[in-house]
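Asker: If you look up TrEMBL, you'll see 27-264 marked as domain 'Nucleoside phosphorylase'. For 33, 65, 86, 87, 88, 118, 207, the entry in TrEMBL reads phosphate binding site. What TrEMBL records for 188, 230 is purine D-ribonucleoside binding site.
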Ligand code: HPA
């Protein structure tokens, strides 16, 4: 932890309040690869703030990752901060940059955080392309942690069972699973995929875990949802590419958007 990272987040939150004229926000949603097209369904856009207008944010380096915060009013009149894009550890900007959006949301008054991502499926026996999976827990193999110092943070329930139960009221068919994160940007080798299955992982990706840890430090309630873009991940026998990951998102955006809209109004 550098104190500066938290100060920078408070400054970004103040800039967000000033840019939007809103005192507080109810929920924040981080839209991962493939999820950006789903953002339109969450509610009516009140305003949009480019990341580059806010202290500590950078324009995202990765295609399909937007680059702004959209303020949305939901059907029930809630205000949501929708992050169209995130910073990944593999971009090399450091762990504080990865969790800056989460710290900014927390400083802006958000109490609930929805983290979405695209993931490789480690259980092709039961997972199909385009399946949303609720994250029940994670294994952090990034080698990084957003928290430094001697404050020990409890992680026995990073992903709220209460929120997962709320989502299941909307869609009782959703599976849940353990998300494993590597730093990336390489996709996994077949041997790594076999290892992750043995370790108890169900999905693999390159995001989410560090943001979830920062969120728990700030006492936010966290919901995580993966979109399985490539069941079998590195075992599927076909090379992986990022465009494929985005395409699955486009194909399933309508379903994801409706799901998120209904969930947000149940919070
Ligand atoms: N591995 C890591 N990250 C990913 C994958 C994958 O197979 N698919 C989408 N993001």
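Here the Cβ of each residue, glycine as well, is placed from N, Cα and C on the backbone.
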Asker: Calculate the per-residue pLDDT averaged over the domain 'Nucleoside phosphorylase' (27-264) and state the result as an integer.
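Answerer: Mean pLDDT for the domain 'Nucleoside phosphorylase' (27-264): 91.
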Asker: Please work out the number of neighbouring Cβ atoms within 10 Å of the Cβ of residue 33 (phosphate binding site), leaving out its own Cβ.
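Answerer: The Cβ of residue 33 (phosphate binding site) has 26 Cβ neighbours within 10 Å.
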Asker: Looking at the binding-site residues 86, 87, 88, 207, which have a C-beta within less than 6 Å of some atom in ligand 1?
Answerer: none
Asker: Spatially, which candidate from the binding-site residues 86, 87, 207 is nearest to residue 188 (purine D-ribonucleoside binding site), comparing Cα atoms?
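Answerer: Smallest Cα separation from residue 188 (purine D-ribonucleoside binding site) among 86, 87, 207: 207.
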Asker: In terms of DSSP three-state secondary structure, what is the assignment for residue 33 (phosphate binding site)?
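Answerer: The three-state answer is coil.
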Asker: Hey, what's the Cβ neighbour count for residue 207 (phosphate binding site) at 10 Å?
Answerer: 26
Asker: Given residue 86 (phosphate binding site) and residue 230 (purine D-ribonucleoside binding site), what distance in Å do their CA atoms have, once rounded to a whole number?
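Answerer: Cα to Cα, residue 86 (phosphate binding site) and residue 230 (purine D-ribonucleoside binding site) are separated by 21 Å.
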Asker: Report, as a single number, how many Cβ atoms besides its own are within 10 Å of the Cβ of residue 188 (purine D-ribonucleoside binding site).
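Answerer: The answer is 22 other Cβ atoms.
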Asker: Including all protein chains displayed, how many Cβ atoms other than that of residue 88 (phosphate binding site) lie within 10 Å of its Cβ?
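Answerer: A count of 26.
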Asker: Roughly how many Å separate the Cα of residue 207 (phosphate binding site) from that of residue 230 (purine D-ribonucleoside binding site), to the nearest whole number?
Answerer: 16
Asker: Which entry in the list of binding-site residues, 87, 230, has its Cβ near the fewest other Cβ atoms, using 10 Å as the limit?
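Answerer: The binding-site residues 87, 230 were compared, and 230 has the fewest Cβ atoms within 10 Å.
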Asker: Please report how many Å separate the Cα atom of residue 230 (purine D-ribonucleoside binding site) from that of residue 118 (phosphate binding site), as a whole number.
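Answerer: Spelling it out, the Cα of residue 230 (purine D-ribonucleoside binding site) and the Cα of residue 118 (phosphate binding site) are 9 Å apart.
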Asker: Which chain-mates of residue 118 (phosphate binding site) that are at least 6 residues away have a CB under 8 A from its CB, listed by sequence?
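Answerer: Those within reach of residue 118 (phosphate binding site), by Cβ under 8 Å and sequence separation of 6 or more, are 32, 33, 34, 35, 205, 226, 227, 229, 245, 248, 249.
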